[in-house]
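In what follows, a structure is listed as structure tokens, so that the remarks can point back to it.
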Amino acid sequence: MTVDRIPLAGVIGSPVAHSRSPRLFSHWLRKMGLQGHYIPMDIAADKLESVLRTLPDLGFVGCNVTIPYKERVMEIADHVSDRAVQIGAANTLVFREDGTIHADNTDGYGFVENLRQNAPDWDPTGGPATVFGAGGAARAILASLLDVGVPEIRLTNRSRDRAEQLREDFGDRITVHDWVQAGNIVEGCTTVVNTTSLGMTGKPELRVPLDALEPGMLVTDIVYTPLQTRLLRVAQDQGCATVDGLGMLLHQAVPGFERWFGERPEVDDATRAAVLR
Ligand code: NAP
């Protein structure tokens with residue numbers, strides 16, 4: 001008699017002790033009554049490839065990838081999705097039974113699903129979007145905003161050359177603006193997104209002037225520590241719809257969980273509570 005192996009998954013990075021993913025996955029496994037384990041793995045850079053090639057033998061069906069390996073794993077994977085290629089980073093790996101490693105990026109999916117769930121009236125096609133920041137997360141967000149039909153994305157970043165690079169990579173629907181203009185370009189936008197690390201606990205505040213925020217706009221921050229950033233506070237006071245960044249983290253994990261453990265988990269209040277605990 002053969003006994004099925006209990007599927008294993010986890011998150012690879014360095015450091016990973018801060019990751020909330022183990023809490024998230026354990027919550028879903030418990031709630032859905034599924035067999036499986038999800039483990040944080042702090043791996044040294046020179047061991048990354050050999051670890052990834054060994055994990056399937058240990059019973060791993062895949063893993064998430066976090067800083068600093070989101071780019072490196074694309075060189076190691078045997079197949080990289082078009083989406084991950086476009087973004088230039090992967091956060092989800094699937095280990096196939098034939099021994100191959102498939103890499104994908106679900107950050108943009110998580111970003112859009114979070115907005116769809118928490119701002120059901122949001123119409124991304126209804127007007128331009130402003131995006132603050134042009135780092136790693138911004139790439140996934142630009143790709144997803146373009147995908148859902150945003151007509152124009154006004155992009156601004158402290159280092160303008162990084163924003164110019166994104167315009168080159170993502171095309172003419174992106175317009176680049178000086179960082180000093182950040183407060184002005186939100187005028188007439190239906191969507192405003194902070195993708196910088198400003199406002200995060202331990203970092204400086206996002207000090208962009210926010211007087212132009214007005215009702216009818218959806219404002220979201222991908223920073224989720226704290227949940228309520230200054231941007232979201234001011235936006236709420238000025239009558240905008242707001243969505244915090246925790247939902248992006250939760251939704252980006254859904255495709256991996258479903259693939260590895262066989263059932264699609266729900267993102268609900270209990271999920272948020274489990275991760276915040
Ligand atoms: P990153 O690649 O390091 O990019 C950082 C961004 O912040 C760049 O645009 C950078 O501008 C800007 N920035 C940093 N310090 C600044 C300052 N003092 N003044 C102006 N701009 C500044 O980081 P990332 O991976 O994109 O992550 C950004 C944030 O998103 C982090 O807080 C991260 O935790 C969060 N995040 C959340 C989720 C989620 O699921 N909710 C997912 C991914 C990331 P320069 O180019 O000028 O340096």
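Every residue gets a Cβ built from N, Cα and C, even glycine.
Sequence annotations record features per position, and here TrEMBL assigns active site, proton acceptor to Lys70. A sphere of 10 angstroms centred on the C-beta of Lys70 (active site, proton acceptor) encloses 23 other C-beta atoms.
Per TrEMBL, the feature shikimate binding site maps to Ser19, Arg20, Ser21, Thr66, Asn91, Asp107, Tyr224, Gln252. Counting Cβ atoms from all protein chains shown, Arg20 (shikimate binding site) has 18 others lying within 10 Å of its own Cβ. In the three-state DSSP assignment, the secondary structure recorded for Arg20 (shikimate binding site) is coil.
Within the same chain, no residue at least six positions away from Asp82 (NADP(+) binding site) has a Cβ under 8 Å of its Cβ. The NADP(+) binding site feature in TrEMBL is assigned to Asp82, Gly133, Ala134, Gly135, Gly136, Ala137, Ile222, Gly245.
Taken from TrEMBL, the feature domain 'Shikimate dehydrogenase substrate binding N-terminal' applies to 11-93. Averaged across the domain 'Shikimate dehydrogenase substrate binding N-terminal' (11-93), pLDDT for the predicted model comes to 97.
The feature domain 'Quinate/shikimate 5-dehydrogenase/glutamyl-tRNA reductase' is assigned by TrEMBL to 129-196.
Annotation source TrEMBL lists domain 'SDH C-terminal' at 245-273.
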Which Cβ among the binding-site residues (Gly133, Gly135, Gly136, Gly245) has the fewest C-beta neighbours inside 10 Å? Gly135
Secondary structure of the domain 'Quinate/shikimate 5-dehydrogenase/glutamyl-tRNA reductase' (129-196) by DSSP, residue by residue, totals 26 helix, 16 strand, 26 coil
With the shikimate site defined by Ser19, Arg20, Ser21, Thr66, Asn91, Asp107, Tyr224, Gln252, which remaining residues of that chain have Cβ atoms positioned within 8 Å of the Cβ centroid? Val11, Asn64, Leu249, Ala253
Going by C-beta under 8 A and a gap of 6 or more residues, the same-chain neighbours of Tyr224 (shikimate binding site) are Asp244, Gly245, Leu246, Met248, Leu249
